[in-house]
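Take a look at the structure set out below.
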Amino acid sequence: MDRKYLANAIRALSMDGVQQANSGHPGAPMGMADIAEVLWRSHLNHNPSNPEWADRDRFVLSNGHGSMLIYSLLHLSGYELSIDDLKNFRQLHSKTPGHPEYGYAPGIETTTGPLGQGITNAVGMAMAEKALAAQFNKEGHDIVDHFTYVFMGDGCLMEGISHEACSLAGTLGLGKLIAFWDDNGISIDGHVEGWFSDDTPKRFEAYGWHVIPAVDGHDADAINAAIEAAKADPRPTLICTKTIIGFGSPNKSGSHDCHGAPLGAEEIAATRKELGWEHGPFEIPQEVYAEWSAKETGAAKEAAWNEKFAAYEAAYPELAAEFKRRVNGELPAEWEEKASQIIADLQANPANIASRKASQNALEAFGALLPEFMGGSADLAPSNLTMWSGSKSLEANDFSGNYIHYGVREFGMTAIMNGIALHGGFVPYGATFLMFMEYARNAMRMAALMKIQNIQVYTHDSIGLGEDGPTHQPVEQIASLRLTPNMNTWRPCDQVESAVAWKLAIERKDAPTALIFSRQNLAQQPRSAEQVADIAKGGYILKDSEGKPELILIATGSEVELAVKAAEQLTAEGKKVRVVSMPSTDAFDKQDADYREAVLPSDVTARIAIEAGIADFWYKYVGFDGRIIGMTTFGESAPADQLFEMFGFTVENVVNTAKELLA
C-alpha cells in the first residue's frame, strides 16, 4: 500500500479530532505524518500489547501540542486507544487530553506540552538506557539495547532548556538518541525568520551531534535513509526534516493559520479531496488498519527479547534477578530492616552537623543498599554534598557509574531526571541551592503532575547562608514547593529527621520530593523511639509541657533548635509550652484528623510558627490569633548570625512574642 496513503490516515484523524473538539493543533501532526509513518512502521521496536516491555524503543513527542499525532499513531498501531477515545479528544476524563499526559493513554512515555522538556526527558531516557546497558549487558548478552526517538519543533529549540539538554547529550555521547526537527518555519506568531534565525545544524554540530541536514520530510525514502544513518552513528543524531505545516490543506498549509485552530468543515472537505482520502470523519478502512497494526510484529520482537533474556538469566541469574527488581521499581528485600536500623543508630549517636552533611551521611548509608541510585548536582557537588564514597561519575566512554555531573543546568538536570525516572531502573537524585530551584521549577511541577519519583536536594536553605546575600538566600521558595500539588517537601532539623526524609523520598515512587537542607550546623534533638517513628508523619510533638499546653511553638529545620531553647526558658518561667517539629507540612496534612488534633489541639490558639522562610505560609497552622516569626522581605549580605538576629530569629524575640501572645 502507498506510504503516503498510510500517512494520510494520521492527517485525517488529526484534523477530525481537532475539528470535533473545536480546539487543538492540526498543523504539526499533518506536517510530520510522513516522518511518523516511516519511523513507526519501519523502525520503532514496540509492542502495543505490552506498552511496558522493558527493552522497547521510547518515542517522545516534545512538541506536545501536536498530540493528535501520537494519539493517531497509538490507535492505528493497535494500542488500547479506541476511535471513541480519539473522538473524545480534549474532553473531561478522556484518555486523550489536549497535551499527551503520562498515565492516560498507553504508550505515552512522558507528559509533554511545556516546550523543550520532551527533548530533555528523552535525553534522560537515553542516559538511563546507556547506563543500564553498561551495568547489565555482558558479552553476547545485550539485554538493554533500544533507541529513544524524539519529535520536536522550532519552539522546543528556542527554549533554553533544549540547549542545556542537547549540549550534555553531545558531551556524553548518547548514540541511541535520535531527534527529528520539524523544520516548518512556522510558530504561533507566524513565519519564524523574525525571531528564530539560528543555524540549527551548526549549533548541534557544535554540541558534538551527528547532524543530517535538509531531509525532505515528505519523502519516505529520504526519511528512511536518514534514520538508518542515525542508527549507525555513535553520536546522538539530529535529523533536520523540512516539512510543510498542515500538509494537504489547500488553503492553510504552510501558514500559522493551521497551527493552533481547527481547519473548519469546508477546509477539511477540501483537504480530503486534495489528499485523495475518500472516507468520512474518523473512518479508517480495515486494510489501512492491517498495514498499520504493530501487534504481531511487536509480540514477535518482545518474544525474541524474552528468549535473549532467558539465556542471560541462565548465564547470570543474580544479575537477571537484580535487573527485574530494578526495572519493576522494587526496593531490595532487606531495605526496610536495614534503613530503619540506620535511623535508630543515628538517634543513638548524636551529632551536631549541618543537615546538608547529614544528607551526605544518609547517602553514604543508604547508597550501599541501592545500586539503582543515580545521583548528580548542577555543578555544586562540594556544596550540596551529593557525592558519597560509592559515587562513580558517568563519562562518554564509561557509563557504568552512578553519578552525573550536570554542569550549571538546573532546569535541564531536573527534566533529565524525569526522563531517567520514566525510563525505569534507577532512583534519581539531583541537587542545587534552594534559591536556584527557581530555574527548575516547571520540571519539578511536571514530575508532580506525572506522579513520578524525582528527588531534589536543595541546600543553603535560608538567610543562614549569609554573606552571599539575597541573590542566593531563598525566602518564598519553600512555600512555593509546599503549595505544589503532589510534591513532598521536607526541611529536617537534624541528622535523624534528614535520614527519615531520605528514606521516605526513596520509597515514594508516585511523587517528587524536595529535601531542604542547611549550610550551618544544627543541634541534634533527643527523641524516644515513638517520636522517631512519628517523624514520618510530617509533624510531631518534640517537647511537651506538664499537662495541657497553653502555648505551641511550631518550627522547621534550623529554627527547631531555636524553638526548643525558647521553650526551655518559658518553661523555667512557669509557662506550659509544647514544641512541634514540622519537617513536612504536606505529610502532616495527610494524617487523620485525630492525629493532627493530638499534635495541634484546636482549643490551644496561642501558637507561634518559626521558620526562616516567607511568613504568610504559616497562618494555616497558627490561625489569625497566632504569631509568625518569619521573613517578610528579601535577605541581606552579612554573616548568618547577624542576619538571624536582625530578622528576629533569636530566643529573646521568641520569648517576648510568646509573652505578648499569652498576656
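Each residue, glycine too, has its Cβ placed from N, Cα and C.
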Given that Swiss-Prot assigns Asn184, Ile186 to the Mg(2+) site, pick the one from Asp154, Asp198, Asp199 that the record assigns to that site as well.
Asp154
For the thiamine diphosphate site that Swiss-Prot lists with His65, Gly113, Pro114, Leu115, Asn184, His259, Phe436, give the additional residue from the candidates Gly155, Gly407, Gly464, Gly466.
Gly155
Further binder of substrate named by Swiss-Prot next to His25, His259, Ser383, His460, Asp468, Arg519, taken from the candidates Arg235, Arg356, Arg409
Arg356
Which of the binding-site residues listed here (Pro114, Leu115, Asp154, Ile186, Phe436) have a Cα atom within 10 Å of the Cα of His25 (site 'Important for catalytic activity')?
none
Do you know which of the recorded positions Asp154, Glu410 has the most other C-beta atoms within 10 angstroms of its C-beta?
Glu410
Of the recorded positions Asp154, Ile186, Glu410, which sits closest to His259 (thiamine diphosphate binding site) by Cα distance?
Ile186
With Cβ-Cβ distance below 8 Å and at least 6 positions apart along the chain, what are the contacts of Phe436 (thiamine diphosphate binding site)? List them in sequence order.
Ala378, Glu410
Select one residue from His25, His65, His259: among these recorded positions, choose the one with the most other Cβ atoms within 10 Å of its Cβ.
His25
Filtered by Cβ under 8 Å and at least 6 apart in sequence, the residues in the chain of Gly155 (thiamine diphosphate binding site) near it are Asn63, Leu115, Gly116, Ser187
Among the binding-site residues listed as His65, Gly113, Asn184, within 10 angstroms of Asp154 (Mg(2+) binding site) by C-alpha we get Asn184
Cα-Cα separation of Gly113 (thiamine diphosphate binding site) and Ile186 (Mg(2+) binding site), in Å?
17
Compile a sequence-ordered list of residues in the same chain as Ile186 (Mg(2+) binding site), six or more apart from it, whose Cβ lies below 8 A from its Cβ; state 'none' when nothing qualifies.
Gly27, Asp154, Val192, Ile245, Gly254, Ser255, His256, His259
